[in-house]
Amino acid sequence: MSNPVSEPLASDPAMPKPSPRVVISALGITQILAWGSSFYLPAVLAQPIAADTGWSLGWVVGGLSVGLLAAGLVAPRVGRTIDVKGGRPVLMASSILLAAGLATLALAHSLPVYLMAWLLMGLGMGSGLYDAGFATLGRLYGKDARRAITTLTLWGGFASTVCWPLSAWLVEHFAWRGACAAYAAIHVLVCLPLHAFVVPGIVSVSGDGRSAGAKPGISSPPPLTGTRRIRAFALLATILTLGAVTASMIGVHLLTFLQARGLSLAAAVGLGALVGPSQVSARVMEMAFGRHYHPTWTMAASVTLVAGGIILLLLGFPILALALALYGAGNGIGSIAKGTLPLALFGSEGYASLMGRLAMPSLLAQALSPSLGAILIERGGTDAVLGVLSGLACLNLCLVGLLWVTARRR
């Protein structure tokens, strides 16, 4: 019996094929809206929800952890489904799940219903954020997906820039329940049609893993096999998981770290805002020059910049802006490496399933890390947490070196 993952999907003559630019732009819009109405939602809505309902802020923010746990658990199945059926049905399901979760959130008058809403949203996050987007592009374009993945991360980098002001405006005019209802409508009226009518549901992929009609580029080494493949997968999964721990802790507790360095809240917020532009700038640089290098070098640059930024922050480096710029740049290109490095190491066959397996431990770690960070700050202070994060970042650098050695010996 043939393997459905390795068989090319027949093309549908009744469906016109949109250009890659149109597909990526559509996915970029839906990524901004999906990230902004899920992962970035508590940043604006947590305080209004807590004030209106009387629930503790910890439980309100904890809803996101519930969502991330659900996303992590569903990620492997999402990847397998994309490998077999393509990304369109999965992304359509994500729009429906996010809309249902947000509608439930708007109607939640008890904490159990609130957490159930986040469970639904987590299923939508697991089937609609970066991992599913990368897997869809890999399924569509095979070995040629690297530039598409990079471009998608550029779109995604504007999620908080677009949705934080939008969320604040919605809360001001319609309260937090109205904001959730509005986002639910956006998923039904904007994201669902884009996924349904722009993203190809079936795709023809050539035997070498290239999308049909693609021009060959610079030759790349064959995919890893045997024990080297197993070793490389374990190393990459560990690297991504440690990176998720670091990014999650810093993302939630950055203002606390900066205020512990003597900054006022306003100054900390101003400096923290440097992370976003640094991410986008680094992604633009990678898009311009990264195609000349193996994605292993992108990952190496990412973990080096992240480690440098955290260590400078720990040492109390006078120019904190430099520390945050380094961290932001490393985090930015790390998102690219997360999508392109598995494609380069393991090939396009079964790429979506592979991405699902890689995503699971990262998402679970991302869900648990903020609470762990809060406990460590209470017991050991911010320096202790930054010391742990510096150690993890340096360990990641060593692991990337081992991955490079493993990938080189083929």
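We count from 1, first residue shown onward.
From the backbone N, Cα and C atoms, a Cβ is placed for every residue, glycine too.
Those TrEMBL annotations? Automatic predictions, nothing curated.
Counting only same-chain residues 6+ beyond the ends of the transmembrane segment (22-45), those with a CB under 8 A from a CB of the stretch are 60-61, 63-64, 67, 91, 94-95, 98, 101-102, 121, 124-125, 128-130, 133, 136-137, 140, 148, 151-152, 154-156, 158-160, 162-164, 166-168, 171, 176, 179-180, 183, 186-187, 190-191, 194-195, 198-200. TrEMBL lists 22-45 (among others) with the feature transmembrane segment.
Annotation comment: TrEMBL describes 57-78 (among others) as transmembrane segment.
Among the features that TrEMBL reports, transmembrane segment is placed at 90-109 (among others). Beyond the ends of the transmembrane segment (90-109), by six or more residues, the same chain brings 27, 30, 34, 37-38, 53, 67, 78, 81-82, 116-128, 132-133, 136, 177-178, 180-181, 183-185, 187-188, 191-192, 195-196, 199 to within a C-beta distance below 8 angstroms of the stretch.
The transmembrane segment feature in TrEMBL is assigned to 115-137 (among others).
Feature annotation from TrEMBL assigns transmembrane segment to 149-170 (among others).
The transmembrane segment annotation in TrEMBL covers 182-205 (among others). With a threshold of 8 Å between CB atoms, the same-chain residues lying at least 6 positions outside the transmembrane segment (182-205) that come near it are 8-12, 15, 17-18, 22-23, 26-27, 29-30, 33-34, 36-37, 41, 85-89, 91-92, 94-96, 98-100, 102-103, 106, 136, 139-140, 142, 170, 174, 211-212, 348.
The transmembrane segment annotation in TrEMBL covers 232-252 (among others).
What TrEMBL lists as transmembrane segment is 258-276 (among others).
What TrEMBL lists as transmembrane segment is 297-320 (among others).
Under the heading transmembrane segment, TrEMBL lists 384-405 (among others).
Between the transmembrane segment (297-320) and the transmembrane segment (232-252) there are at least 3 Cβ pairs closer than 8 Å, counting only pairs 6 or more residues apart in sequence, which means the two stretches are in contact.
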